[in-house]
Structures are given as structure tokens and as C-alpha cells.
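Feature list (source: Swiss-Prot):
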type: BINDING; residues: 86, 124, 125, 126; note: phosphate binding site
């Protein structure tokens with residue numbers, strides 16, 4: 001039995017609140033249960049130096065956790081003067097995932113900067129961030145089209161993400177912190193709205209997992225992401 005009494009395939013309640021802040025071109029508060037992440041998308045003219053003159057755009061991401069997003073206060077990384085390896089890994093994952101969803105030629109020489117700030121953490125912050133950031137990205141692209149900056153929508157498809165893992169010997173979907181911290185296997189899966197895989201991050205924290213267990217976890221992820229994409233679409237309608 002899971003601590004929350006959810007079934008193995010059951011995700012936490014997912015809520016997406018658009019236009020959560022006033023200034024960003026795209027702004028979303030995404031909630032996976034008690035995990036809450038603020039995702040903003042900023043539309044900026046120009047591209048990084050390595051892309052100048054190539055007629056294509058760029059999507060990049062930054063990620064951070066507020067000091068009291070966790071049970072005990074964390075020192076701000078800005079105060080330490082250095083980003084952790086975890087932070088760098090997660091923001092690269094978010095950026096890679098979102099770039100897969102955008103036609104960079106249609107974006108033109110423009111950049112979209114995604115900022116994901118974890119307000120409250122209870123497991124699955126990176127998957128929540130990707131899910132919310134995708135909706136913020138859609139709003140930023142629509143803003144640019146409304147301003148006449150973009151003639152064609154560069155979005156190829158929606159993307160979403162969910163965590164899966166093996167907890168007490170059983171494959172489960174959307175791990176909360178108490179499950180994540182005790183899981184034998186932990187995996188994050190990013191997929192398109194049609195179920196195609198963008199990225200899989202999977203690690204055996206305890207016992208190695210079998211090929212059959214891997215397929216079972218991917219099936220759980222596909223089912224969970226399908227439900228999350230439906231919530232994304234409802235929020236955008």
C-alpha cells in the first residue's frame with residue numbers, strides 16, 4: 001500500500017494555473033499534489049552567439065528551489081556562489097525537453113528563457129517543472145504571434161513528464177518524497193502528447209531492475225503522461 005493510498009498507476013492530483021504572475025509572457029503555477037512549481041517563459045529577441053546568423057531560435061531553462069521549499073531551510077545557491085550538480089542537471093533536462101517540442105527555424109532568431117522555481121517540494125519537482133514549463137512556453141509563443149513577431153506557431157507538440165519507480169517491490173507512478181526517498185528504482189520519463197519518448201532517466205537505487213520491470217515502468221509513465229497532457233490541454237482550452 002502506498003503512503004497516500006493511491007493505486008500503483010494513480011498520479012497525484014495535477015493542477016495548472018495559467019497567468020499566475022503579471023509580467024512574464026508565459027506564467028504557470030503547476031501542482032503535482034504537494035509539489036508546487038512556478039514556471040515562467042520569457043520571450044527575448046536574439047540568440048546565443050553560437051547561433052547568430054543561422055536563422056533559428058533557442059529555448060533554454062533555469063531551475064531553482066526556494067530555501068523553504070523543503071522541510072528544513074536550504075541556503076540559496078546564489079549565496080553559496082555556485083550551482084549544485086543536481087541543479088545543473090535538472091535545468092539542462094528541462095531545456096532539452098522543451099527544445100524537442102519547438103521548431104527552431106520557425107522560432108527565428110529569438111530565445112525563450114524558461115525559469116522554474118520550486119515553491120514547495122514533495123517529490124517529482126523536475127517532472128512537474130517540465131509539465132508546467134510546456135504550458136508557459138505555449139503562452140509565450142501565443143504572445144509572440146499576437147504581437148506579430150511570429151507568423152507561424154513553432155510548437156510541434158505538447159510534452160509532459162512524470163516520475164515512476166519501484167517502491168516496496170512494486171512499480172508505481174508519480175512518486176511523492178516519502179516514496180522517492182525509499183524507492184529501489186527511480187525513473188523520470190518525458191514524452192510527447194502522442195506517447196513518443198523524449199528522455200528517460202532511470203537508476204537502480206537498490207536492487208537492479210529487470211527488462212520486464214523497465215517495460216512496466218514505461219507503461220505506467222505513458223499512462224500517467226497521457227492523463228497529464230489531457231490536463232494541459234484543458235488548461236489551454
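Note: Cβ is positioned from N, Cα and C throughout, glycine not excepted.
Locations of recorded Swiss-Prot features on the structure.
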{"residue": "86", "record": "phosphate binding site", "CB count, 10 Å": "11"}
{"residue": "124", "record": "phosphate binding site", "CB count, 10 Å": "25"}
{"residue": "125", "record": "phosphate binding site", "CB count, 10 Å": "24"}
{"residue": "126", "record": "phosphate binding site", "CB count, 10 Å": "24"}
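The phosphate site is defined by 86, 124, 125, 126, and by the 8 Å test on Cβ atoms against their centroid, the other residues of the chain that qualify are 63, 90, 118, 121, 123, 127, 128, 129, 188.
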